[in-house]
Amino acid sequence: GQVVYSIAEETERGAPVGNIAKDLGIEAATLAARKFRMLTGSSKQYFNINASTGALSVNEPIDREQLCELKSACLLNYELVLENPLELYRMEFKVLDVNDNSPVFPLSEYHINMPEFLSPGARFTLPSARDLDEGTNGVQNYTLSSDEHFHLEMQTRGDGSKYPELVLKKALDREQQATHRLVLTAKDGGDPPKSGNVSVIVTVLDTNDNAPEFEHSVYRASILENSPSGTLVVQVHATDLDEGPNGEIRYSFSNTTSAELQRMFSIHPHTGEVTVNGVLAVQRPLLELLIEARDNGAFGMSSTAKLLVEITDVNNHGPEITVTYLSSPIPEDAVPGTVIALLSILDKDPGENGKIACQIPDNLPFQLKPSLENYYSLVTSGLLDRELISEYNITITATDLGSPPITTQKTLWVQISDVNDNPPVFSADSFDVFVEENNPLGAFLYQVSASDPDTGENGRVSYTLRNSTVAGSPLASLLSVSAANGSIYARRAFDFEQLKSFSFQVEAKDNGLPALSAAITVNVYISDQNDNAPAILYPTSPNGSVAVEVVPRLADEDYLVTKVVADDDDNAQNAWLSYHLTYSSDSTLFHLSPHTGELRTTRSMRSTDFLKHKVVVVVQDHGDPPLSSTVTVGILLADTLPQVLPDFDDYGQPPPLLNATNIYLIASLACVSFVFAAFLLFFAVMRL
């Protein structure tokens, strides 16, 4: 938006100008919160904004003549920048002229040498006054003090400008009056009007009655602003009808030409060639100089001509890129059209040389959009993904339309901040974990790991167990997981015989807001250990007694005495059982199948066999180390089952391998053998 204010120059400090909030339709209470700023290219801050009311007031009085010199329109441009959201408003202040300057002549006295023989009607150019005010406040008319010999007339040059001339009304007589003192007054059109005076001293001379005359009253020339020193601008020419020294002409710049222009240009006193004398450091496209032609008479006569020099611009200024606002970093979820930066791009050259074309590389998700005059907005044009690209170096290229064009580049570094748009990711959908039973408490089972490409808290992953039950027990009573690294630990020992496998889920959750999560299934398989000895199911021996089996007295060979039946709760080879006969009261009578546990007779029974027999059977698994169980079976040879079974507890115990008597016999035999060997050795030595 844009708003235009008008204010008279020299308005006192604190005077109200307007209300920017009301004029732009902005809530005044939000100005401070939105960090308003007034931007201007001026070196002074002429205006203030009240942050609470939006009132616009004068901060420093404006001197229009100092600020804008001779410009017809004096404008001050400001930009009001607001944030959250970013908005830019243009304010234009028209500084109105007041009649605060009086007309001023370049000299305090102006001297004219006038020959006495001049006829009435002779004309002499008078100095023009300068008034820094514009329009009607500038110089409007001239008056001359009363004198019987002179009167004042206004003349118009070819370009329409007016200047005063002194006209001889009555012939002069130097012998009666050699000097005439006149007062030239310039008045402006202000209310009240102001005026300025200069003394015009006319000296009456006796010689040189013709002034030089220029071929043209106005000369026009055009040069490039970068023309080097010595470049010819124009050659002026004047003629003088007098002869001798009175007709010789010298050229110079009039005293009314500013000293600045006299330093930029020089004029040859004899040829009238005007050349460039220095750097043409001016901002005005048209320069006005007054050239005076004066003869070499004893009392030289002069005339003036105007020289208008048009400065043709060349493309000698490159675009200037200024970053007014930059938002970095920006979140990766910024929607297309989000304003990233506000740029001011200016070129001091006028016309086509000052027009600018701006661009950024096409392969970026950004776009450069023109805003207000000389302002561009850098906005997002696509979706951003910090995980793919975390920062951008955006090169802004500004090229003017001059010939040859001048290019300026500026690089903006824009960082992309992370948002929580990625959940944690496991490397697989499930994991299988194998653990042996009877594990120690706190045993490490497995470590799950999930990755999150986000950064900071958005990428920090923590792990938890999802609530569930295993064999009727809460999962938390079986396992625990480290929230920091996903390590899974056993909280109790597993028993393969009770629980062979189970599954649960581990959840990985990041610390973003809102948090994102993922889960993985962990399958736990418990492997068996040989922790159960075989259990003998048959024959049973209640209360630790001997199990009794009855066999016919004349049983045939391979008669089935009994079958030992056993079971092992372990699994696989830990439950593979073998049967062994470790003791038999008659080793020739019975044999045991190692795989089936069947106890059978080795031969037919004889009448001479003992009626009671006792065997010890060991059932052993194939674990490492193996476990075993023992059962003692008493065998009674009888054709009928007796009413009372005999006692087998003390019958047929296997004799001990060594007893006290055997030990004494062995020791005695060893001693006798030693004595006999010593005697033989002694006998052999004596014979030798």
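Every residue gets a Cβ built from N, Cα and C, even glycine.
Just so you know, TrEMBL annotations are computer predictions that nobody has curated.
As written in TrEMBL, here are the features:
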DOMAIN    6-105  domain 'Cadherin'
DOMAIN    106-214  domain 'Cadherin'
DOMAIN    215-321  domain 'Cadherin'
DOMAIN    322-426  domain 'Cadherin'
DOMAIN    427-536  domain 'Cadherin'
DOMAIN    561-648  domain 'Cadherin'
TRANSMEM  663-685  transmembrane segment
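Per DSSP, the domain 'Cadherin' (215-321) is made up of 10 helix, 48 strand, 49 coil.
Across the domain 'Cadherin' (106-214), the DSSP tally of helix, strand and coil residues reads 3 helix, 54 strand, 52 coil. Averaged across the domain 'Cadherin' (106-214), the predicted model reaches a pLDDT of 86.
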